[in-house]
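So that you can see what the record holds, here are the features copied from TrEMBL:
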type	residues	note
TRANSMEM	12-35	transmembrane segment
TRANSMEM	68-86	transmembrane segment
TRANSMEM	98-119	transmembrane segment
TRANSMEM	148-173	transmembrane segment
TRANSMEM	193-214	transmembrane segment
TRANSMEM	221-238	transmembrane segment
TRANSMEM	258-275	transmembrane segment
TRANSMEM	296-320	transmembrane segment
TRANSMEM	332-360	transmembrane segment
TRANSMEM	423-445	transmembrane segment
TRANSMEM	457-480	transmembrane segment
Amino acid sequence: MTKTYYGPTEGGAWGVLISVLGLFTILAFISRSFLPCPSFLKPYLVPAVSKGSSSDDFFLSARSSASATSIALSFFASGMGAWVVYGTTEMGATPQLSWLGVIGYSMASAFPAVVICVLGPKIREMTGENSFGTTDFARQRYGRLMQLATAGISVFYMFIFIVSELTSISNIYGLLVDKSTFGDLNKGYTSAIAWTTAGVTVFYTALAGVPASIVTDKFQGIMMILLVLVLIVAISAEPSNQPTSAEFSKASNWTVDGFVAAVTLFLAVTSAEMFNQGNWQRVWAAKDIPSMRKGFAIGSLMVFFLMMFFGIMGMISYAVDPNAFNTFEKYAYLSFFYLLIPLPTAVNYIVLILVTALAASSIDTLQNAIISVFSRDILSIPKCQVKVPGPYSPTLGALSTRVLVIAINVPAVFMAAQRFDVITLFLVADLVCATAVLPLFLGLIQEKKLNGIFTPITELGALLGICGGVSAVLINGAILNFTQAVNMFGEVLATGPFSYFWLTNGSICALCGTKTMITFIITPLAGGFSAVMFTHLDILIRGEEAARAPLFGEFFKKMEARAGIAEVEVPKYTLAVNPNKGAEGGEDDEGDETKADMVKVNFNVAIDDKV
């Protein structure tokens, strides 16, 4: 069956890519006062153009500057990359998943914002106003080793996210100009699209930083909303895209596999997004806590509805031609594009504009987020405060972070050229994050619970908890006799015990069945249980005081002193224990600094306002 795409020419597609990326570059430069600002744009570019905006800290954080609207549009635009054109549409066009798969994926993508609404203020309070993300929380709550572990996992996840975005946008451009994206054919074209997208976003990100990213997100978010509305009208108005009620009913099912996929995605996406420093940057970028909470809440609703739109498009695509999908003449992950075939060329240009905005908004946020991982340390090194000669005289610290972004993007483009399945890539990153999500965030609990069964996690306990999560994945793979990861085309992706992290064995539907769901349930629980268990053993063997101190604390202090990195001030907190219930310690005298009926135990973590 020959398929003709009534899409743009190669030259037209390049024109769209360069024009859209060029527009975002101009907006970024205007927002940082590198170009004059037209009067009609000033209300929308504030607060990026603001007092003190030339500082490295503001460049890397846009600290306390963004309104609720800015946060909402930023979370929406940066979280919804070009991958959504594949992700939920594949769910919708897979009858085994259908409604519950689409709803689950949509809710899973929106839910991290709700979690950040709850945890964000607490982490912002614990780490202080000069922090950048959860890596700073890991350092202050646990120590340098846990910070490095958190940073490694965060960078890995964000790197995979960038690869997925570059893969998505390059393949979409290839499809819409009628170039095959299978095998090695046309790799030169798709690689050129990826290089251009990565290069331009690195360029304006390196010069304009987080403030400009938030500003461009606002325009990208508004653009995405308008374009989606146009697509809804254009696609639904085409007679060949209008299934009958009976056809749609057969395509849209409520299945057990859909429920399993929903649970899996809920756990997987939530675990991973807790390590997306782009989200956490917005916690400190918000001008205040109410703005942050309101922004994330609105943003989560916008994410949910966009995901639902693409999921329903997948169902419609399957409903109008189920036989082609069942015989693999059509593929579920391309279901959205089959709806575009009969539409005018202008609509395909709109799709290209949309996916370019989607990809650029995600990639520039991720590029800035990777910088944030070690920003606090870099800015505190005296040598990094030296100005580098140049048109904008950046400091050595700011310059070094920009070099880091370039270094991350080069291998990302090469990986994008391999054309990995986007959902498969995300599942790998999600599972890695699931090993560490509870060991890290259990650090927010600063009191003994359940009569001492739970005690605040030590750094060694947290690190061994991550190892426990990894072990759970390996053991699960061994039980299932999983020795190699194979995609749906029969290509071997990995071999050996760690191949189970790919969660694919040639199955057409990686999310169907309970194996993947059970893995995502067991892995974080194993990590959390291991963290608690090893914390108890750590305290038992080394004693309370030694166990609470950061691992290799003196060594890292000496290294930091040599580099000139400022020592993190770690306030003490009071562990609330009721001595009348037999806890260690005696009753407090009235007027003591601790609260009545409490005993005082100091640990290397921040103060808990509830104690």
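Heads up, the Cβ atoms here are built off N, Cα and C, so glycines get one too.
Beyond the ends of the transmembrane segment (296-320), by six or more residues, the same chain brings 68-69, 71-76, 79-80, 84-85, 87-95, 98-99, 101-103, 105-107, 109-114, 116-117, 120, 221, 224-225, 228, 232, 235, 240-243, 247-248, 250-252, 282, 330, 332, 335-336, 338-339 to within a C-beta distance below 8 angstroms of the stretch.
Sequence-distant contacts of the transmembrane segment (193-214) (same chain, at least 6 residues past either end, Cβ-Cβ under 8 Å): 17-18, 21-22, 24-25, 27-29, 31-32, 34, 47-48, 53, 58-62, 65-66, 70, 74, 78, 162, 166-167, 169-170, 173-174, 281-282, 285, 356, 359-360, 363-365, 367-368, 372, 392, 402, 405-406, 409, 412-413, 416-417. Counting C-beta pairs under 8 angstroms (sequence separation of 6 or more), the transmembrane segment (332-360) reaches the transmembrane segment (148-173) with 3 or more such pairs. The stretch from 12-35, 68-86, 98-119, 148-173, 457-480 with the most CB pairs below 8 A to the transmembrane segment (258-275) is 98-119. Beyond its flanks by at least six residues, the transmembrane segment (98-119) meets 75, 79-80, 87-88, 91-92, 251-255, 257-259, 261-266, 268-270, 273-274, 276, 279-280, 283, 292-293, 296-297, 299-301, 303-305, 307-308, 311-312, 314-315, 441, 444, 511 of its own chain at Cβ-Cβ distances under 8 Å.
If one looks beyond the transmembrane segment (68-86) by at least 6 residues along the same chain, the residues whose Cβ comes under 8 Å of a Cβ in the stretch are 109, 113, 161, 164-165, 168-169, 172, 213-215, 217-218, 220-222, 224, 273, 278-279, 282, 285-286, 290-292, 294-300, 302-303, 306-307, 310, 333-334, 336, 355, 357-359, 361-366, 422-423, 426.
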